[in-house]
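Written out below as structure tokens is the structure these notes cover.
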């Protein structure tokens, strides 16, 4: 499926602020949430609608409302930072959780937690994580949501690189990928360059 880089001056400006080493955890979190919110317009453009009869102050007419449940699936812990921005525009979205960690030596992905929600098989499922680096965590998370029965899945991140994009497309060709930026490369430690650093540490102030 397609890879979409969502380019917009507001997103580019906020992402630049996040990249700076001197940016505080507070500002990092706020900009992350705001970028996630700005990306919602593009990510949800194919959300299903149903017609409804309504009455305005001047006449009766037909309107349209969302007719598809939405489930957000943050990859813990950094994915949590993207929830607030998305939920501001999709307040009825339910939240499932997947906890993964990456072995710093082997770069292999390991699961430590997973909690689904009802009717995920009928829902529009968005897996979120700020970084798409090697693709290990994204692929593992999507493996899990497919085991839960999810069929309509998108992966949303802030920053992605070609190795992660390619791996996700190869393992899950039915999943659309959205990013605010396609960065240059991975370094020898598997970190995105220029990237954001460790997003989880910067969100929670644990660096």
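Even glycines carry a Cβ here, placed using N, Cα and C.
What you see is a predicted model, and the numbers here were worked out from it, not measured in a lab.
These come from Swiss-Prot:
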- 77, 102, 129, 130, 131, 132, 133, 134, 135, 136, 137, 198: 5-phospho-alpha-D-ribose 1-diphosphate binding site (BINDING)
- 192, 197, 198, 199: uracil binding site (BINDING)
By a simple count of other Cβ atoms within 10 Å, which of 129, 198, the binding-site residues in the record, is least packed?
198
Run through the Cβ atoms and count how many others sit within 10 Å of the one on residue 131 (5-phospho-alpha-D-ribose 1-diphosphate binding site).
26
Starting from the Cβ centroid of 192, 197, 198, 199, which together make up the recorded uracil site, report each further residue of the same chain whose Cβ lies within 8 Å of that point, ordered by sequence.
130, 131, 191, 195, 196, 200, 201, 202
Counting across all protein chains present, how many other Cβ atoms fall within 10 Å of the Cβ of residue 135 (5-phospho-alpha-D-ribose 1-diphosphate binding site)?
25
Quick check: in three-state DSSP terms, what is residue 77 (5-phospho-alpha-D-ribose 1-diphosphate binding site)?
coil
Need this for a regression test: binding-site residues 77, 131, 135, 137, filtered to those with Cα within 10 Å of residue 199 (uracil binding site). What's left?
77, 131
Give the sequence-ordered list of residues that share a chain with residue 77 (5-phospho-alpha-D-ribose 1-diphosphate binding site), lie 6 or more positions from it, and have CB atoms under 8 Å from its CB.
99, 200, 203, 204
According to DSSP, folded down to helix, strand and coil, what is residue 197 (uracil binding site)?
coil
